[in-house]
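S.K.: The structure's right below; bear with me while I get my questions together.
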């Protein structure tokens, strides 16, 4: 079975590694021809491996996230247009969720699918903005809704009239407009009758190795075959990855096929292998094995619907369309080895369509491979589906097989089990040499049962789907496994084809609310049907199990039939009374879905009927309230999480919309809230503080949980020198089980304008890990008015700030209209502007354009309709600008012509120091002042290089990797500006628990020209100098763990950054400017990628790899416009893993503008590291050449001059390059390095540095 995020074909360690390697190299194609290569040129532009991604949500909001070396979503936060906001991410079971505040109530009510905000899922499904311009969703409509009108920015791709739904593609550029039409309360939504919006989610899978004896004989199929039943006359639809039409086992077996995948044309060719394997298990002839590996029903006709792409993923809408096609095409049985582990309840369009179509065909669906209780998800949890668990060759439940009940519900699933471990079946592309492969998973168990259904239908062609389901479940083998593992039990289709007595499986006989004390026993009936011409007498027995799978007291379920025997009349039915006594004592874990089997035996007949009884455990109403530090309902972005300590579940809800009441099982809960308080009561102004409040709650009756920010205490940090916080993060993770393998938590990033953090201190147990970080810089600018009033200001993000010491008169322009600004006397003054939207005053960019050329000193903005600070976009603003409170503005306005503003201090961008401090504690939440001393920190003297000018602004971010989870969190909610050129001292908390990733950007775009260092730990007292954006630019190792080139068996995959600076920071490309090309030669012959990987021979071979980088010229970025790197090394099959590429390093002695003064020789230090070991290597040959000019490409540099290179005592090599060109010229460098093992790297770098003015 295919399952999102987790494999439904298991035991795939080796193959999964291959898949990762393929994924890493998917974007790689050919490259330019090296000088020593054949004259053909396979250059192909490729995409570099990026560490960043953005996601446009269905609401139109945008989330940015870093993708770590394992492909996990790391830190994620909401992006706003030029402004900053507090952003909380919720992590659970390896997934990261970011829900915009306005959407949270709709998620809570179930009107929006939570998966729409699962950033991990969006990344894995390929729904990030770089991969697709649209977001696929499924919209459900109310019954009898008016004619559906197409919302702006959407296209309907599939009509699903059977379930009153449609698959819709949302144009990301117009997502906000589409959301306006679809969100609750909008006129468009009301007229269209939209009830719910789901993510059109994908499913995924991997592969395993081949092997073992056939499993079909273990299903009882041999007996059915001997009776003459092979599926003839029955049509089975297989909805999967397609099939291999050339496989001999499937020759003549497929009656019709169709692809529903929206890319790759109409072919049903299976390049994945999953669908071919499944089809072979259903109806393969076994021709390639003389029948040994034939399917269960080799006489059946197959319909093959390709609903999953060759990458093993498929949108839900493709699957829905395939289901409808299968039924319309006459399928009697539909086999679906796929599912959705991301579902939180047994609802959705896939479940609805199974229910709608099950009168026409039997849907046989895999249970899933989560291996845990309550993980049978959609669509397998559909009541009408025949849901299949997996067993091994001994009929023991497979460890990976999902257990019931249904996700988020109480339905007893699965219904049946069959062999799903090391199942041998047809291999796609295997030909006659390798025709078979063994896979494991509920995916493999499902086609066994689908084939069994075909045999039963051949024996009883007039039976309905429900009758076939009952025959299969009634005739199973005996089992000791509880029904929530195997349903009725392992399939015995040899018995099923002749089964004459059956019972409907999975019926819930009764439901009992808590408390059951005083409840009278009730009698319910299980109906047995006899289709034979003779009466059948059965001896009856009952089995009963609690939800945890253990036996329950016999008193709970007893037979009402006299002496435990029943006679089922010929051609008739008999009701077996079952007495349910809900007062039987149950352990806490027994409550919930109690399952049983009624087993009847006699005269060669055996019938098994699984059923369930819902015995609810003790519950109580629990009301949750939240209050900010004013005692009022907190900001809408506030939230809280309820963690069920005993059951290992967690849910998150919005806290900014008033009290919420839930009915919860008795037990112990951890409740934690992230509560936001704004500047003024009533949520006016900007967020002034963030409080993490928590309680441990024992629920044994009606309870009210009050989350109150006023009860929290302030948390802060004090360094050795005066500092000021410029943003925070705060959060926690919590282990959902004793082993700690599953964790949940909330991580919140807090922008620089938030003034305070608060926590509820105390001991919290060893499952709880607390984290908080702060970014500290020198004390900021303090503004005062002429009356001596200290101004409460908010510098605008991405705009210049007031800096240093100064003063100026203030002129009040009123609303910032063009007329008001033109009339104001602004020269030499700070201009005070009313920015209230009600007064139609324009925006900051318009004010800046109106004032910048007229001598204005700066801008102060306020709102006449808002008492607190305000947020404005600073993008494109050139004047210093800040927003202030209405009270501060009133002080200036009241002063009239005498109004002045003075400022003194250091802006963030020019701070000489920066601290990145973290407090990470297990089992305890701190409060108060955390003392951080320089001697206990790591010191990183940091130099920021400019691009030949002195007024650059770069941006920095720092992220913290949280222990025990794949996600990480920004240390602050603001990208902090830094003036370049600049030297500053940066400090980091040094701890083995704290792994930092530092990011420096040339732009404020997260994905554009971002350079990385980490994740890494630091050592207390260490000093590690570094620099950012020093040239020359060239090839670089990844600062995370991924190798540039890695070999798995005989396939090489590549994971290469766009460029690196002189310090070796791997970087993403400059947006719409940088491009790459790449190529590979083996023993002189060009090798092109296949499925993203490059084939290498088993024996020793010379491998040549070239990467070509070019940057479209932009005046703001004149350095490092091109480089070409050629690697040559030898490899054979014994070289697995990272390959020994040499990474060159050239350190030029230059100023912070990346310049060497005219007439001054440039001193260059040359070395290389092995990418495989990340250690410096001994070189036995180094050359260096230079050229001078303004060229922009490597090929345009035609004349190179040799420079002598000498080896220093420490093993490094040095050279001196004359600087005899006029100022403004650029120097290009070309080097060749060879190590003692014969590996070689050659690199040419255009515009390595600039000739500056003579000193």
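Each Cβ is built from the backbone N, Cα and C atoms, and glycine gets one as well.
Bear in mind that TrEMBL entries carry predicted annotations, made automatically and left uncurated.
According to TrEMBL:
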type	residues	note
SIGNAL	1-34	signal peptide
DOMAIN	231-489	domain 'Peptidase S8/S53'
ACT_SITE	240	active site, charge relay system
ACT_SITE	274	active site, charge relay system
ACT_SITE	443	active site, charge relay system
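Give me the structural setting of these features: burial, nearby parts and distances.
M.R.: In the three-state DSSP reading, residue 240 (active site, charge relay system) counts as strand. Counting every protein chain shown, the number of other Cβ atoms lying within 10 Å of the Cβ of residue 240 (active site, charge relay system) is 35.
For residue 443 (active site, charge relay system), the count of additional Cβ atoms within 10 Å of its Cβ stands at 34 [all protein chains shown].
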S.K.: Distance between residue 240 (active site, charge relay system) and residue 274 (active site, charge relay system) at the Cα atoms, whole Å?
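M.R.: That separation, Cα to Cα, works out to 7 Å.
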S.K.: Give me the count of other Cβ atoms within 10 A of the Cβ belonging to residue 274 (active site, charge relay system).
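M.R.: A 10 Å sphere around the Cβ of residue 274 (active site, charge relay system) contains 29 other Cβ atoms.
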S.K.: Whole-number Å distance between the CA of residue 274 (active site, charge relay system) and the CA of residue 443 (active site, charge relay system)?
M.R.: 9
S.K.: Across the whole of the domain 'Peptidase S8/S53' (231-489), what does the mean pLDDT come to? Round it, please.
M.R.: 94
